[in-house]
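Student: Below: one structure in structure tokens.
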Amino acid sequence: MDVMRSVLGMVVLLTIAFLLSVNKKKISLRTVGAALVLQVVIGGIMLWLPPGRWVAEKVAFGVHKVMAYSDAGSAFIFGSLVGPKMDTLFDGAGFIFGFRVLPAIIFVTALVSILYYIGVMGILIRILGGIFQKALNISKIESFVAVTTIFLGQNEIPAIVKPFIDRLNRNELFTAICSGMASIAGSTMIGYAALGVPVEYLLAASLMAIPGGILFARLLSPATESSQVSFNNLSFTETPPKSIIEAAATGAMTGLKIAAGVATVVMAFVAIIALINGIIGGVGGWFGFEHASLESILGYLLAPLAWVMGVDWSDANLAGSLIGQKLAINEFVAYLNFSPYLQTAGTLDAKTVAIISFALCGFANFGSIGVVVGAFSAVAPHRAPEIAQLGLRALAAATLSNLMSATIAGFFIGLA
């Protein structure tokens, strides 16, 4: 029954995407079918097949080791505020977001910059990009951008495509925006992991977002023009660093900007949510609903969707609330509110944890529309009106991609 419900959830999400398509007659069944199959296959390999699960666990172990090295840098600056004594001192509540999550973002961004400098990222992107381009029958630039999102976030995508943005057709531009929204950056992945989100789920979600973003981008905005961009004129950065030290320093400064942005937005939105909840609770109290909140309203509205994705009805309100928070606010706030349930064993079953972890794993939220429009318009001011028109539709495609990954994850966890 649970497995069939997951299948129903996939059908519902695909139906929603089909209904939102701007040109239903131009939908390529070859690309859409291949993307769906690839998204399912990646999920199956990493969540169900023993060899794939073994690899995911080993990579997750490696990520945790990297986080430990990040803590070494944090401890140098903040001392014992990062150490295990904090948990003892505060009875298990010694995890401080600003001392653990934000420094990890800075460290990983610097590390990624070094890997770009020595050519590792370039090789991975070209190999994976070529594979996805052939498998999905998409343009080279679409596969390039989609694969790049494993390592870079939506803020960095405009810089990646700047050298050839004038040659991107409307569909390729839409796909680039969708891919950025549907994914997470490698640096922020560490931040989510630090909150207790299973790393193997984050890794699987990041890989599944590649075909998932393409799938829903091509459903909502089918390709109607041929590509004018080739791999021969692709570049990873406009001004590459001249040394590995410069690469590390530049990456660290970029990480600082990302960390500062995360801290600023999370702090502001947590406070805004508290204000909204105070207002809702106050008004609700007049009618006997003094415990009403934004989270509870979103939970009721999205609970049916969470249920059809595979979440048990007893947890559907919570799942719907977190998905709503991610969409209305951002994924960091949603993961932050999800974190307490991860810290207490047995609070949620494994399938629910997986579905929520996958559903929240992406930049798709209303605030991202402003980020994308601003970032892409900065590198292509003359295309700003076109980019603004694509924003809301791209958000829908990216959200559906995240929910599809979550539904697929629930399907395979249910089989295990």
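These residue numbers are counts, starting from 1, taken along the chain as shown.
From the backbone N, Cα and C atoms, a Cβ is placed for every residue, glycine too.
In case it helps, Swiss-Prot gives these features for our protein:
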| type | residues | note |
| --- | --- | --- |
| TRANSMEM | 3-23 | transmembrane segment |
| TOPO_DOM | 24-31 | topological domain 'Cytoplasmic' |
| TRANSMEM | 32-52 | transmembrane segment |
| TOPO_DOM | 53-95 | topological domain 'Periplasmic' |
| TRANSMEM | 96-118 | transmembrane segment |
| TOPO_DOM | 119-172 | topological domain 'Cytoplasmic' |
| TRANSMEM | 173-193 | transmembrane segment |
| TRANSMEM | 197-217 | transmembrane segment |
| TOPO_DOM | 218-246 | topological domain 'Cytoplasmic' |
| TRANSMEM | 247-267 | transmembrane segment |
| TOPO_DOM | 268-352 | topological domain 'Periplasmic' |
| TRANSMEM | 353-373 | transmembrane segment |
| TOPO_DOM | 374-394 | topological domain 'Cytoplasmic' |
| TRANSMEM | 395-415 | transmembrane segment |
Student: If you average pLDDT over the topological domain 'Cytoplasmic' (374-394), what do you get?
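Tutor: Per the prediction, mean pLDDT sits at 84 for the topological domain 'Cytoplasmic' (374-394).
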Student: Please spell out the DSSP helix, strand and coil residue counts for the topological domain 'Periplasmic' (268-352).
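Tutor: Helix, strand, coil within the topological domain 'Periplasmic' (268-352): 66 helix, 0 strand, 19 coil.
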Student: Same chain only, please: residues at least 6 beyond the ends of the transmembrane segment (3-23) with a C-beta under 8 Å from a C-beta of the stretch. Say none if there are none.
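Tutor: Non-local partners: 36, 216, 219-222, 224, 307-310, 393, 396-397, 400, 403-404, 407-408, 410-411, 414-415.
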Student: Counting only residues 6+ away from its ends, which parts of the chain sit with a Cβ under 8 Å from the topological domain 'Cytoplasmic' (24-31)?
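Tutor: Cβ under 8 Å, 6 or more out: 18, 136-138, 214, 218-219, 222-224.
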Student: Cβ pairs under 8 Å with the transmembrane segment (247-267): which stretch of 32-52, 96-118, 353-373, 395-415 has the most?
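Tutor: By Cβ pairs under 8 Å, 96-118 leads among 32-52, 96-118, 353-373, 395-415.
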Student: Could you tell me how many residues in the topological domain 'Cytoplasmic' (374-394) are helical, how many are strand and how many are coil under DSSP?
Tutor: 20 helix, 0 strand, 1 coil
